[in-house]
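According to Swiss-Prot:
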type	residues	note
SIGNAL	1-26	signal peptide
BINDING	C65, C68, H69, H270	heme c 1 binding site
BINDING	C209, C212, H213, M284	heme c 2 binding site
REGION	315-334	region 'Disordered'
COMPBIAS	322-334	compositional bias 'Polar residues'
Amino acid sequence: MIKRTLTVSLLSLSLGAMFASAGVMAANEPIQPIKAVTPENADMAELGKMLFFDPRLSKSGFISCNSCHNLSMGGTDNITTSIGHKWQQGPINAPTVLNSSMNLAQFWDGRAKDLKEQAAGPIANPKEMASTHEIAEKVVASMPQYRERFKKVFGSDEVTIDRITTAIAQFEETLVTPGSKFDKWLEGDKNALNQDELEGYNLFKGSGCVQCHNGPAVGGSSYQKMGVFKPYETKNPAAGRMDVTGNEADRNVFKVPTLRNIELTYPYFHDGGAATLEQAVETMGRIQLNREFNKDEVSKIVAFLKTLTGDQPDFKLPILPPSNNDTPRSQPYE
């Protein structure tokens, strides 16, 4: 009995030391692992999922949140700039919605303080979904099934843009991607990364990339000028934070993007100017770090970046309520 108790105690100590060692390892790194989340309000998240996928929030009845932030494609659309109402070219590359709850603000220029505020923007943007908040409210309120869900979640069946965006934001907060190879390495699995991936991470750290790309999202927590050492050449007119603040000092200052799932979210940069990860790494080295990475270094950094791809959101697609005679009709050609 004493021997068995001693064995169990030693095993417990061994496991405790192992988990403590993994915790210390992660704590000593500039990047932290992502943890799975449970929605604060599961019913609200389910309602938000329905609204996220509902194209009737747009004037055309064709564009939904998922059109530009496709959850089957890394939470983005893989084109330079998104396509809006009547095939209008969007002004800027669509950032991924995955792990977006970790951002200090939303949009490349940070003009929305949170996901709720961000969700309201595209609905009424004439170059995106091109509807109005009032029409979006009428569309949703026209369907009894939606009103029933609003009553269950909010206590009454009143449909407002505030409630619509609150629900969408709650769903988006669930879109995190834990379980990447790099997270497993951070958590103590020394075999999770191969030699090239590990050397790539050391290059990533040693070159200064982690000064901006750090934390659980590997970015998203700060702003930085695009073109610190050398100007970034682009035809895109976006001026970054200056478009929000009006301060010349904020010209070409953008929110640092997350690098989680980066292999899925091409093309890269606010203008979609880098078609491949290799091109993005080369450009960042040159204009942000004043460093010319050689081919082998680029290859190893890219190998590391691909270890940041986590478990993608896995859920059942919503069945949307049917429109009825009271539902405002789409106007795709107007």
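Glycine too: its Cβ is placed from the backbone N, Cα and C atoms.
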Checklist entry - What residues in the same chain, six or more past the boundaries of the region 'Disordered' (315-334), come closer than 8 Å to it by Cβ-Cβ distance? => result 46, 49-50, 53-54, 56, 58-62, 86, 135, 138-139, 142-146
Checklist outcome for this item: Other C-beta atoms within 10 angstroms of the C-beta of H270 (heme c 1 binding site) total 23
Checklist outcome for this item: What remains of the binding-site residues C209, C212, H213, M284 once a 10 Å Cα-Cα cut-off to H270 (heme c 1 binding site) is applied is none
Checklist outcome for this item: Span of C209, C212, H213, M284 as binders of heme c 2, largest Cα separation rounded to whole Å, comes out at 12
Checklist outcome for this item: Cα-Cα, C212 (heme c 2 binding site) versus C65 (heme c 1 binding site), nearest Å, comes out at 28
Item to check | Residue pair C65 (heme c 1 binding site), H213 (heme c 2 binding site) - Cα distance, angstrom, rounded | outcome: 26
Checklist entry - Distance between C209 (heme c 2 binding site) and H69 (heme c 1 binding site) at the Cα atoms, whole Å? => result 26
Checklist entry - Where does C65 (heme c 1 binding site) sit in the DSSP three-state scheme? => result helix
Checklist outcome for this item: Cβ density check for C65 (heme c 1 binding site), other Cβ within 10 Å (all protein chains) comes to 25
Checklist outcome for this item: Cβ atoms other than its own within 10 Å of the Cβ of H69 (heme c 1 binding site), all chains, total 23
